[in-house]
Amino acid sequence: MSAQCCAGQLACCCGSAGCSLCCGCCPKIRQSRSTRFMYALYFILVVLLCCVMMSRTVANEMKERIPFYEDICKGIKAGDTCEKLVGYSAVYRVCFGMACFFFIFCLLTLKINSSKGCRAHIHNGFWFFKLLLLGAMCSGAFFIPDQETFLNAWRYVGAIGGFIFIGIQLILLVEFAHKWNKNWTAGTATNKLWYAALALVTLIMYSIAAGGLILMALFYTQKDGCLENKILLGLNGGLCLLISVVAISPCVQNRQPHSGLLQSGLISCYVMYLTFSALSSKPVEVALDEHGKNVTICVPDFGQDLYRDENLVTGLGTTLLFMCILYSCLTSTTRSSSDALQGRYAAPELEVARCCFCFGPDGEDTEEQQNVKEGPRVIYDEKRGTVYSYSYFHFVFFLASLYVMMTVTSWFNYESANIETFFSGSWSIFWVKMASCWMCVLLYLGTLVAPLCCPSRQFSV
């Protein structure tokens, strides 16, 4: 029995069909979900490798514990202390290989509408060979000639791709806010309790946003000094007030009856979160007190206690960060998210109000439920059509690879970056987060103002 299970696990490396036929100990899973899970697993493996490469602790441990470490480094031509295998340049090369991997599959899976074709089988199977291909591409990046030119050029490509990834997430957040309000507003036609639900959620979100602004004003500003923090808090608080007033203004309401405070409340919460994240990523400011000693200013007094165990904070913070990135990738690649980015929406009269409005009435995708055909272990849910866009899925992971590359290497502060000091503060990370905050506000304002500027054009949000 154990030999049969081992053989089944080996078959899982080649494809979902082999797994379903041979592996009696595998749980049942939908083909579309198992495919996305495997690509996400590959993504996680490369991200972990990048974190290891950016760790001074790991580099020092290897140097101390591996016999003949320097001889090995010289033998593989990685430098006297394997400096070519660690640091930002190594992360750039590895992420280049991963980005190329997903970009190739993006091109390979263009315009696939059914899982029956040859290209669809390549997308949904051959996992062992894909792992070899990914490893070969990441390793091959270390042999690119003229490394300095390559790194300088790839840095700007990574920055552009990282900002596009952030932009996609912000667009989907704005679309999510509009969809939420539209769905719950549709329920008020048949049940007035939806008005109470809208009012309660809106009140909670504005309370969170206002509370966050007050707490940041208390902990990140002082009576004397901290002028920059005061300006940023005042600016972002003013922007939240602006979008709230615009959302309920008569001219916007005439063109967009579904516009309301629910959307602006959600955007305000996210703006406050980004503001807090930016302020916590800001480099520590030091000033002299009345006794002539250096003290940190414009940060919470309990901040030093939180950062006492550097390794614990680094590990937990990095894990949470990349879990959020992975979640963003997977939620961005659903069929509904892809349709939203292309401007395709369900008709308002077809909206059915429900608490979990992101999913169909019976699960994640109604279409998926209709197309289920069970095999021994794999539920083939894409016989009539794909559940998600394959090429868009790979494109989002391509952008996520670039975003991870820039994030791990502290964006433009790459030369002094390492994973241990990732959460100690960086001006690059600070301004990227602040720029994301302002971009989110501009995108939301654009959805409100665009119908006024182009009255002849029909907008769906």
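A Cβ is built for glycine as well, from the same backbone N, Cα and C atoms used for every other residue.
Long-range contacts of the transmembrane segment (37-59) within the same chain, counting only residues at least 6 positions beyond its ends with a Cβ under 8 Å from a Cβ of the stretch, are 29, 81-82, 85-88, 90-91, 94-95, 98, 127, 130-131, 134, 138, 311, 318, 322, 325-326, 329-330, 393-394, 397, 400-401, 404-405, 408-409, 417-420, 422. Annotation source TrEMBL lists transmembrane segment at 37-59 (among others).
The feature transmembrane segment is assigned by TrEMBL to 90-110 (among others).
The annotation transmembrane segment is assigned in TrEMBL to 122-144 (among others).
Residues annotated as transmembrane segment in TrEMBL: 156-174 (among others).
Taken from TrEMBL, the feature transmembrane segment covers 194-219 (among others).
Residues of the same chain lying 6 or more positions beyond the ends of the transmembrane segment (231-248) and with a Cβ under 8 Å from any Cβ of it are 209, 213, 216-217, 220-221, 259-261, 263-265, 267-268, 271-272, 275, 278-279, 434, 437-438, 441, 444-445, 448-449. The feature transmembrane segment is assigned by TrEMBL to 231-248 (among others).
Per TrEMBL, transmembrane segment is recorded for 260-279 (among others). Long-range contacts of the transmembrane segment (260-279) within its own chain (CB-CB distance under 8 A, at least 6 residues past either end) are made by residues 173-174, 176-178, 180-181, 184-185, 198, 201-202, 205-206, 208-209, 212-213, 216, 220, 229, 232-233, 236, 239-240, 243-244, 246-248, 429-431, 433-434, 436-437, 440-441, 444.
Under the heading transmembrane segment, TrEMBL lists 312-330 (among others).
Residues or ranges marked as transmembrane segment by TrEMBL: 392-412 (among others).
Annotation comment: TrEMBL describes 432-454 (among others) as transmembrane segment.
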Per Cβ pairs under 8 Å, the stretch of 90-110, 122-144, 194-219, 392-412, 432-454 packing most closely against the transmembrane segment (156-174): 392-412
Dominant neighbour of the transmembrane segment (392-412) in 90-110, 122-144, 194-219, 432-454, by Cβ pairs under 8 Å: 90-110
